[in-house]
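Working notes for the structure below.
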Amino acid sequence: MFSPLQYSYTADDEYDALPPLPPQMKAPPKKAAHLLDIPTGNNAWSAVLQQAEIRRRKRRQTTPEHPSRALFCLSLDNKLRRTCIKLVEWKPFEYLVLFTIFCNCAALALSTPLPHNDTTPTNSVLEQIEYIFLAIFTLEVVLKIIAYGLCLHPNAYLRSGWNLLDFIIVVVGFLSVILIRYNVQGFDVKSLRAFRVIRPLKLVNGVPSLQIVLNSILRAMLPLLHIALLVLFVITIYAIIGLELFCGKMHSTCYINGTSKMPQVDEIRPCGEKGRHCPPGEECKDIGWEGPWHGFINFDNFGLAMLTVFQCITMEGWTSILYKMNDAIGREWAWIYFVSLIIIGSFFVMNLVLGVLSGEFSKEREKAKQRGDFQKLREIQIIDESFRNYMAWIRKAEIGNDTNDGTENDVTLDASGDPVKKEGTLETHCGWLYDKLRYIRVFHAYSRRRIHTMVKSQTFYWIVIALVLMNTAVLASEYYGQPQWLTDTQEIANRIFVILFSFEMLLKMYSLGITGYFVSNFNRFDCFVVIASIIEFVLIFKDLMPPLGISVLRCVRLLRVFKVTRYWTALRNLVASLLNSMKSIASLLLLLFLFIVIFALLGMQMFGGKFDEIFEVEEKPRNNFDSFWGALITVFQILTGEDWNEVLYTGIRALGGLGLVGTVVCVYFIVLFICGNYILLNVFLAIAVDNLADAENLTAAEEEEQKKREEAKLGAEVKPNGDVQGTDPANTEAIETDEKSRGETDENPLDENEDHPIERGDNEDNAGLNGDQVVETEDEERTTARPRRLSELNIVEKVKPIPPYSSLFVFSHTNKFRIFCHRVCNHRSFGYIVLVCILLSSISLGAEDPVDPDSVRNRILNKADYFFTAIFTIEICLKVVSYGLIFHPGAFCRNRFNILDIVVVSVSLISMVIKDRAISVVKILRVLRVLRPLRAINRAKGLKHVVQCVVVAIKTIGNIMLVTFLLQFMFACMGVQLFKGTFYSCNDKSMLSEDQCKGYYLITTENHISKEARSWTNSKFHFDNVPQALLTLFTVATFEGWPNLLHTAIDSKAEGHGPVYNYRPFVAPFFITFIIVRKIFV
């Protein structure tokens, strides 16, 4: 017989899930069954499981077709071939191959390249192990060829591109072994063995998700090829132009008079007759100087010109090239070449790659939408909403007798509402025990219902949010050098918060049940954070973990900040869409890691130990390929584009300079930069754009569902007890609050005075005579968070009559002078004249001489400024007379763009009236004249709509910035835990602690010895407190100078201790993870 105790089950309202129904209970509502596409009836859930099992078996039975004969002699009945087929399709065999690939990658990573082709015992052992890997891969190739055939059948081994890659790797491996064994002269065996680094690509053949992501990128190769041809065309054109203009211009520099010796300076710079002049005692000559950057960046030949142009397009170091060219030929016109190159090449052409990738992802999203996969997340939300009543019905069935008064006349009801007959068992023979158990059961059900109501209330939610914010504030209050009382207070507060959040978790577990509690992803997340906090305190109490691990565990509590997104619809949908795409992102991250590993291993083969040969006197750069870990960081740095050109110059020097080898080096770095930065990292942006579309669609769908719920609520029947039918009473308050929070306005704040438009006639003059103003309007459409493209805006010129109110309390709407003013200010020629004056006045502002305010040029420009201000004043007066000032609808100041015009003109008038330039107010007012170009927005319709689209997009940008700030805040608090007080150093590098950094030390140069006091100073960017950590991470997010900060963190040791070279290389993932997360979400 069905008992409420046997089937107790509840779930969180945000993630409700249905339990298996007992045979005695009715089937779920037909609406819910229809949404799940399941049959209704008592065995509905069993049918779903059976259908899933059938589909799973069909997938298992799907096997590739094998050719009837392989290698012309092995049929399908051959025992050897049948054994090979079973073996290569056996899952453990696939896992063995993958494990071998991982081991091979580890062996390649453990090898240490040394200068002058030296070796170590470890390298020798790894070379012997290489034969084992080669034997295993050879066995795999042979087995698959026997099983599938070689190449003559449709499903033969070499018909697959990934199998062909495996075959080439094995053949090259055997070729290198043969050359080494027989000591063949004339072949560079090391270059052949470099092909081993592509073995990690075999992982793609064994991981289906990697194949899907890589195939999606490969499908975009055709449009990317078109973009590549366009980029190549732009680079070629600018290289030819640079070759004609700047050939041989960067080899002249300053020499000591009468000698061929260069002066001792920090940086050698070009010089020229029209460029930089040499100081006294020196003369500018061209007698063989290779040029800046070791002669690698110039326009002396077509190849170097293309390399120089490509570096400028990447926008890394292009300003240095511009300044060097200014030193050589002067600064009059060289900037035109470089600025136009950046605008056309970087801002336009290279960003087309992102457009192509985003377009390909949009196409895939449309296909997924047609299949129904795109709306999967929304369907889950709809199902959850539909099942709320069903779950409430289950809860009422569980506690059906909790209202009984305990008398003997009580009747127990089953799930269907029928009375259950009491038989002479427990109640008859042990009535007192039965009453006791029954009382406990009723009290338990009653308590669960009351606690469930409490934890689902808005009050409880806001209490939890307040605790989360207070806990976050306590974690964020930590800083370097804080007093001991604050440390003790933080420890006590953290313990209290752990206890409170543990109590919250227990309350939810009791009210929802263990199974129901873990249905919600938010509850799983809370449980993980609480358990991590408890483990942290246990480890601190027992001293079982070093401080670094404890700091990482403590930072887990910061994840609670994301609980604020639970009832913020737009933000919750944005986070949900991002999390929903984590599978694609994870596959892409794995592909990115594979890409970095391959190029790091290849870099070790090419440059390992080579940098030491050219930096025997100088300090070797930190970005090198002398170890696998250093190679990984260097490759990732190149992917971000930071100082990749410096690594390129060092690589060319390490392999002997320009020439054939130098060309190979350039190809390595250019392919790495293009494939990594412009393709793989831009795929993250394409996914982010796709996620924004998903989030906006989810928000729009929820708003539509909200309207339907409101309509249903208004039409619902009211029960006698006051509950609205079809609504869970426990959730009514939450739903109403959520409805209020979702209210949005679709009004356009920039066009408040453009009401009651009428279409413009063909005759413009007649329109002016009729008192109609030309305005720009759009077809009425619903405004969403995503701005429409300008090409989608249906702009129609419309006019509105003169407002039927008196202007300035003097001019009626029929006044002839007012009609004349209206005709003049709306005449097209007048608008063009004003627009030209705006452009000329903006140019005149840029032409002023800021050094000498009383120069002749400034006096002429001041006269022109009087003229432009007069024109603008006349325009304002005409429009004020025509439309009125502000007191009635349609007045001039009712438009925000017109207010901007009045402010700009008023600033100009006030600055003219007050002549004394020494007054600070006048200086500020003259500075405000820079707002004058903004007046063109109200007159250029395309520019105006761009601004309107930006304003509409501010809401979505705000949500993204909030998520970004939460992530950056979490990483900032984590950085404080990891690095506070560890970025200090002594100016005397031999002193490694604050206690030692005292007194004086000697500085020795070539001709002088000086004494300087030791000082213990902090880095410019550090993590001593949360605000400074936020600023530091912001600089990392800009990709500017982040490698130096990374190396500072790697060298950090402890508070009060100076840097130690490569002391903590394991902190690098902190910065790399932050950069990748910021790249994904921003």
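Here, residue 1 is simply the first one shown, and the rest follow in order.
Every residue, even glycine, has its Cβ placed from backbone N, Cα and C.
Site annotation (TrEMBL): Ca(2+) is bound by E316, E642, and the candidate from E1040, E1055 recorded at this site is E1040. Feature transmembrane segment, per TrEMBL, maps to range 302-323 of the set 302-323, 522-543. If you take the C-beta of E316 (Ca(2+) binding site) and look for same-chain residues 6 or more apart in sequence within under 8 angstroms, you find G641, E642, D643, W644, N645. The stretch with the most CB contacts under 8 Å to the transmembrane segment (866-885), chosen from 92-111, 164-184, 302-323, 829-846, 960-979, is 829-846. The C-beta environment of E1040 (Ca(2+) binding site), restricted to residues of the same chain at least 6 apart in sequence and closer than 8 Å, consists of E642. Outside the transmembrane segment (92-111), and at least 6 residues removed from its termini, the chain residues within Cβ reach (under 8 Å) are 122-123, 126, 129-130, 133, 136-137, 140, 196-197, 199-200, 202-203, 206-207, 597, 601, 604, 628. Apart from E316, E642, E1040, the residues listed for Ca(2+), the same chain places the Cβ atoms of T640, G641, D643, W644, F1039, G1041, W1042 within 8 Å of the centroid of those Cβ atoms.
When Cβ distances are compared across the two stretches, the transmembrane segment (164-184) makes contact with the transmembrane segment (131-152), since 3 or more pairs at least 6 residues apart fall below 8 angstroms. Beyond its flanks by at least six residues, the transmembrane segment (224-246) meets 298-299, 301-302, 305-306, 308-310, 313, 325, 328-329, 334, 337, 341, 344-345, 349-350, 352-353, 356-357, 679 of its own chain at Cβ-Cβ distances under 8 Å.
Cβ neighbour count for E642 (Ca(2+) binding site) (all protein chains, 10 Å cutoff from its Cβ): 20.
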